[in-house]
Structures are given as C-alpha cells and as structure tokens.
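For reference, the structure discussed in these notes is given below.
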Amino acid sequence: MNHADGTAVPEAASQADDAPRPEGPPQKMVAAREELTPMLSQYLDLCESHPDAIVMFQVGDFYEAFCEAAEEVARVCEVTLTKREDSTGTYPMAGIPIDNAASYLEALLDAGYRVAVADQVEDASEASGLVDRAVTQVITPGTVVDDELLSGATATYLGAVAGSGDETALATVDVSTGECQVTSGSAYEIGEELDRLAPAELLSAADAPDFELGFETLVSNPDPEAFDVDGASETLSAYVSAPESVVENESEMRAVGGLLDYAEYTQGDDGPLEYVSRVRRYDPERSLQLDATAIRSLELFESRSPSGGRTLVGVLDETACALGRRRLTAWLRRPSVDEREIRRRHDAVGELIDRPLARETVRDHLSEVYDLERLVSRVSRERANARDLRALKTTLDAVPEVKSALSEMETDPLQRLCDSLDELADVRDLIGEAIRPDPPQEITEGGVIREGFDDELDEIRATEREGREWVSNLEEQEQERTGIDSLEVGYNQVHGYYIEVTNPNLDSVPDDYTRRQTLKNSERFYTPELKRREDEILSASEKADALEYEVFTNVRADVAEEVERLQSLADSLATLDVLATFAAVAAANDYVRPEMGTDTVEIEAGRHPVVERTQGEFVPNPADFSDGHVAVITGPNMSGKSTYMRQVALIAILAQAGSFVPARAARLPILDRIFTRVGASDDIAGGQSTFMREMAELTDILHNATEDSLVLLDEVGRGTSTTDGLAIARATTEFVHDEVGATTLFATHYHDLTALSERLPEAFNLHFTVEKTERESGEPDVTFLHRVADGPSSSSYGVEVAKLAGVPSTVVERAREYIREADGADNGQADRAVETAEAAESDSPTATQATTNGQDGRRAGNEDGTETGNKPVEQEGTTSAPKDGTLAAYVDGIEATETDGRVTSDAEDDVLDEIRSLDVAGTTPLEALNTLDRLKQRLDD
Ligand SMILES: Nc1ncnc2c1ncn2[C@@H]1O[C@H](COP(=O)(O)OP(=O)(O)OP(=O)(O)O)[C@@H](O)[C@H]1O
C-alpha cells in the first residue's frame, strides 16, 4: 500500500515555512540519482518510500541522516553536522549512536517528526557487496513501542477519525499493548472523546470534521485508500473473523481499518499486528462522561498548580504494577454507569478491606508482575529478547501465589477473578526450561539457552567446552615439555590462541612451534594442534550462537501463540491490582462504601480526597441534595467553596470508578456526566477571551447536562462586569433549576443570588463560615473555619484575604479607606447598578417577582445579615452592608480606619481623582486589587 500519497506534513514540525522539508527524498540526491554510490542510492530509495518521515539509516554503529534531514537532526539532537564526499558531490551528514538512540529519537518525536528506522537486515560480514537495509519501524508519537520512550502509567494512543455528522467515528489503538477500540457518535461527542483520550497522533480521514483540539498531537491526512470502506474491511478482517459484527457503521469500519493499516505500516508493514487480538466497540455513554475541562479542573491526572501539586490519581495510585496503574487511570477517566458493575467492584473492595492479610499478599505478589501487556506485544512483534521472556516467567510465577491468596475470598467478583487467572503453566515451564535465569541483553551472542533443552546445542557446546579445557591445560603441559616455567598460553581477538615465550627462553622453543607475533620482550607461537583446537572451538562457538538464536526464536514463537491467554491474564491482574489498591487506600484513609443508585446525592462528613492528604487538618462537610438540587454557595474568598464543590464531584467519580469514598456515609445516584465551569480568575492572563471561554463552556453545560448530571459552577459571570455577571449567574441558575434539573453546586460572590432560593423551590443556600476576631491592635481579623452551613453568607472579607495573601499593609490600609469612601460615595451607584441588572431582566416575571416580594437580600435591608435564604443563617457579623458582589460587599463589616486628611502632593491628587472616577459597582474584587496595587505603585514612585 502506498502511504506516500496524501500523507501530510507533520503539523508540529518546527521548521521555518520556506526551509526545505527534512523529510522525503533530498533533491540533491534525486538530481544525481544515476551516479550515486550504491549506499546513497539505497538511502534515497528508502526516503522515497517513506516521504513522511526522517529516515535514519544504519551505517555500522550509527543511524545516519543526509542532506536537509542531516541538518535538522544535527539541530534537534544537538549532534555534529559532518559531510560525506564522493565523486557525485558533498552531502551533509549527521548521525546518532545506535546504542544510545532513544533520547535522540525522543527529541525528534518531540520536534514533531516521524522517524523511519532503516536497519541493516543482513550480516555485514556475510553480505556480498552492499549490505541490505530496510525500514523496520516508523517511530511516530502515537506508535512508539520502546519502553524508554513510553510512560508506564498512561497509554499512548494512535487515533483515527472518519465520517461526519452523527456518524463520526473514532478508533484508537495503544500500539504498545494492542488495546484497540472504536466508537462513533455526533461530531460533538467524538470531539469530546478525543479530548478525553488525547491521542498522541491523529489520522484524520478526508471527510472527518476539523476538530478544535485542546491537546498537542501530530495530525495527518492519511492514505485515502486505507480509509475506503472496502480497504478498511479487508484490513480489519485480518484481526476479527467477521468485521461487520464488530463495528456498528461504515465510519467505524473506516476509522478502525485505516488506523490498523497505519499501525502496521509503522511496525514495518509485515502484516497484521499479532498482539491486537481484540477490537472492541464501545459507547462513550456507557460510562460517566467527564470532558477534558472537567478532567482538568478536578485535577484527576494533572495538577493545575504550577508547582505540580497532587492529583486524584496521585493519591490513589498505590498500584503494585504497571498493568494496574494503567487500569486505574482508565477507570478514573471513564467511571462506570453500570450499577451492577459498580456494586461488584464495591463488593470486591469491601472483602479486600476485610481481609488485609490476603490483600497484602496479593499486592506483594502483584508487585513482582512485569508490564505483561507490553511484554506480550513485544513477544508477538518479535522484539522480545531473552530477558523479556524471563520477565514473563517471573510474572507467571506470581500467578499461583496470587490465586492461592484469592482462593479464600467469598464474594462473587473475587471468586470469578480467581477462576479467571490462567496460570499458563505450559508457557511458564517452557521459558523456565529453555531460557537461562540471567540471560544477556543480546540474543545473537549465545548464553541464552539452558543446557538440557536442545540436544544438538548441548553437543556443540560440549565440543566447545572440551576444546577450551584442552587449551586451559596446555600451559602446564607445555611448561613441562619445554622446561620454560614462564611460558604462558593466552588468547586475543586478532591472533587467536598463542603460546608466549620470553626472549631469554627462546632457545628452548621446540620445533613444532610456529611464530605468530613478535613483541618487545617475547615471541608468540602456535602449534598445529593448538590451531586445530582453535578452529574447532571457534566454529563450535559460532554454530552454537546461531543455533541458540534459532532455538530462542522458536521458543518466542511458541509463546506468541498464547497471546490471547496472556492478554486475558493481564486483564485480570490489572483489575485485581486496582481493586486491591482501592481497598488499601480505603483502609488507610478511612473511606466508606457508598450506597449507589439513590435518587439524590447525600454525603455525610465528606472530604476532599486530595486536599485532606496534602494538609494537616481537614474539616469534613456534608452535602445533602434531598430537599433541592441547586445549591447556591456563598462565603468569603479562601473559605473552602471550590474545595467543597470539587469534593462532591470527586466522591462521585471515585464511587462510580468502584472505589470507596472519603466520607462518613454517602448515598449517591448513578451520574451520567459531570460538568465543571470554574472561575475566570484562574485564567486571568487570557483577558477578554477568558470570558468568551467561560460562556462557551457554560453553553456546553446548559445544552448537554441532564437531570442525572452533576454541574459545578464556580463564580460564573465573574469574567465580566458585576451587572452583566450577576444577570448571567441568575439566569443560569434559573435555567439549571427549571429546565435541566441537574444536581448543581453554584459558588458565587454575588450575594443577590442567594435570594433565588425564595422562589425556586429546588434551590437552597449554603455558605462557608468564618470567625471574625479582633487583633490586639484592634484590627479586624478572620479565621476560616472551612465549615459549610445552611443559608447564605453575610460577609466576604476580600481585603482581609488580600492581607493574608501578603499584600503590603499600606495597601491594605489604603484599601480600607478607599472602599469606605467609595462605599459612601457610590452606594447610590451600586444600587443603580443592581437596578440596571434587574431592569435588564424585567421581562422575566420571576425576576420582577423577586424584587416586588422584597426578597432580595440587599433590598430587604436585613440589617442583621440573617434570613435572606430559605434556611436559618449562622450569625457571623454584627455590621451590615450591601451584599451585592460589588467591592463594597467584599469588605462588608470591616471597620474603617480614620483618615487623617493628609493629601498633599499632585501625584496623590491624581491618584484620588482616579479613585473618584472608578466605577466601584462595576469592578470585580480582583480588578480592585490590581487597581490598588497600581495606585500604590504610583504613590511610591
Ligand atoms: N474543608 C476544609 N478543611 C480544611 N481546609 C480547607 C477546607 N476547604 C478548603 N480548605 C483550604 O482552604 C483553601 C481555600 O479553599 P478554596 O479554594 O476552596 O476556597 P474558595 O472559597 O473557593 O476561595 P475563592 O473564592 O478565592 O476561590 C484550600 O486551598 C484549602 O487549603
């Protein structure tokens, strides 16, 4: 199949646009084609058949590139650019050492290139003339199989998309393990699935949508023929007997066929990939859907903190082996929605908690398990060496132990798992008998096959051994025969065996000695018998090495026959490792079994699984949605709102992944999706576009959430002016309440929102409590209690938080002054702003109702800060102020310091003028802090 056609230039390549591409045939060689030396002509041919890759061409111990490719390799890999000269011209050349190629190849992959590795495929010593070379693999970001280039914990996917509209299909394969999957749906759903899987390389068929990808990948438009439905069906038929029964539509067929065709190409195009034993069709809706935004904002796999804080997978990953590690990631990425399956996992985890001894025995033995999936894939790709087979044996040795520890388990899922563990005694014994316990890395140089396994090999080795024994006795014999005590027998690579006699003894050398080499103080000789023995030893050794290689490849081929059994064993071990890990984590951290399938979320004393592990004390909080599904959460900055919302989501994810959860008790429905929209403050650098992104994410949520979804909205509307933000936040809450019905947690600084609970029956208020104290100096101070309570919050304490964050005290003091001033001067303005917001909504009968009912927290003028919601409020402060999310609201309740009226310089006048002209009502707290900082700077200057 001609992959040359239509294969696009890698997008991530870092070349300047007008520079010649480093891939493909170098023009200089094309021009000199007829005169090229045989070797360069071979190089040119390989470049032509792999135009989408940089060809690294084996010359002795190096992989070399020539011409433009050489210049790029020298630049990217930081190796010296040399040149090769012959009668046809001078060609730039750059090489990387084969022994140490991995890091250089990685650099080329990172720079966005595919690399075609052209190995010498015949022994240079046996070749008559030019050594034959062939591309043995094309290394691409999505198809790397070398351990050194792969991360153990996560799968590296190659993806392919084909089709459009509602029949858009996505196929993925993890080339290192053979896991191949296909799905289809609307372009939107497939876009989300793509984001979730983030394949390292994506093949996009001509008719596939132009996805906006939120991750880095190498995209190419592949061979159209491979994506043709007939071609694809033919490719797939090499993997499954009835391709039509695996896929659900033509797009899926094309995606998976095109994908496998390309994967074969990268593995050297020698037919189907044996280790892809199963192609699985799946439906994303059969799992709890977490889009890329949710995965990111809940920090499942990556921390958002620049210093790299902990993640959910980080605190859970106590897996014993790489198989379990990947399965854990997969389960967290795609928690189940199958209540039965979830309960089965919980049953298993429960029993593993109750039987700590058996559990730890299982985990101990699992820690001896190597990365079976990748081992198996190497075996069937004929890449496994003797050490790999021994690693496979070590893994298989652990299985009976694991089985015996599991045999006492009583729950059905663990019993089934135990039954499903195939000990593969045949494979284990075969490797045990055939391969030496500590074999060398190379499989061509002997020392691999055990004695007693192959009679012919044993015979040859015996001849070799005998010969060597004879040589080792020779020294003593010859010393006796010649009377030269200092006579020595030795060996070197160039001259072979020799008898060395020092110059003073040369007179005693017998006649049958023939001179081999003269050194400064001695002469080296051989005898006819020594020569005969030497030939015998060397030929036996060579023969034995070759035979060992042959025997080894036969053993490997026999093992490869059992790929499916091995993969199914790997599958069971992976599942067991995760279940045992869930149990260990639950036991160590006091998790409980959640009750699943209830109507509403009800969590008693829930904890954030990551935060509780990263800080000394954690305050557990309840989450009870039995009386309403929309919680409006208020509270000062830093009081714990985001942590609380995320912990509800993480508890749900853990539960549906099969884990117990950090809480005293939890009753949970089976959620279909989790959406998150977290505050604009996190993306301040994005400026204007931040708000657009916020709104785009909000749109996504409002369109796609269902009543079975969990929605986290953190400060929606904060990215714009208070007036607009409040209006959006209100309308969103109403929509979620009336139309969507999703379990929703809405954290906000817009205290006006808390009034919604009065007229939205399913909405209720929660707030985070703080303790307000006074320092000795009389300054107000706050302590965060991180405790959630019913009802709305009465204060925000923005400036106090700024102070805690280390904003210089002069700025804080001035902030208090300014805010008091502004508060006094602009109270009317703030009122007007909210009135405007409400006027904008005046078409909405509900908004009017809220106003006329006088239920709005601020308008009701409830001076004592209580009873703005439908639940009693904890008493927090004694002062009152507007609770409208404006700057004034943020410093509500803070006593002003006396101003001394000392305004003297022009600079200070300017600053004051600027403050007077500020639209305080329309300023977000963060903007206010930035403004303060700037003003302070000006005063300092
Ligand atoms: N329940 C808790 N127990 C102990 N510490 C907590 C708890 N919740 C939050 N914290 C701590 O308080 C810090 C601030 O919490 P969080 O970010 O949730 O506050 P927030 O109210 O969302 O703040 P902001 O409004 O500024 O976004 C966290 O980083 C965590 O260290």
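Each Cβ is built from the backbone N, Cα and C atoms, and glycine gets one as well.
Keep in mind the model is a prediction, meaning the values are calculated, not measured.
For GLY635, PRO636, ASN637, MET638, SER639, GLY640, LYS641, SER642, the entry in TrEMBL reads ATP binding site.
Among the features that TrEMBL reports, compositional bias 'Polar residues' is placed at 843-855.
What TrEMBL records for 709-725 is domain 'DNA mismatch repair proteins mutS family'.
According to TrEMBL, the region 'Disordered' annotation covers 1-27 (among others).
According to TrEMBL, the region 'Disordered' annotation covers 820-887 (among others).
Only GLY640, SER642 of the binding-site residues listed as PRO636, GLY640, SER642 bring a Cβ under 6 Å of any atom of ligand 1; the order follows the sequence. Cβ atoms within 8 Å of the centroid of the Cβ atoms of GLY635, PRO636, ASN637, MET638, SER639, GLY640, LYS641, SER642 (the ATP site) belong to the same-chain residues ALA747, PHE768, PHE784, site residues excluded.
Secondary structure of the domain 'DNA mismatch repair proteins mutS family' (709-725) per DSSP, as helix, strand and coil residue counts: 4 helix, 5 strand, 8 coil.
The Cβ of SER639 (ATP binding site) lies under 8 Å from the Cβ of PHE768, THR769, VAL770, PHE784, LEU785, HIS786, SER793, each of these being in the same chain and 6 or more residues away along the sequence. Between the candidate binding-site residues, GLY635, PRO636, GLY640, the densest Cβ environment within 10 Å is the one around GLY635.
Taking the Cβ of LYS641 (ATP binding site) as reference, residues of its chain lying under 8 Å away and at least six apart in sequence are, in sequence order, ILE633, THR634, GLY635, ASP714, ALA747, PHE768. Other Cβ atoms within 10 Å of the Cβ of MET638 (ATP binding site) number 19 in total over all chains. Averaged across the domain 'DNA mismatch repair proteins mutS family' (709-725), the predicted model reaches a pLDDT of 81.
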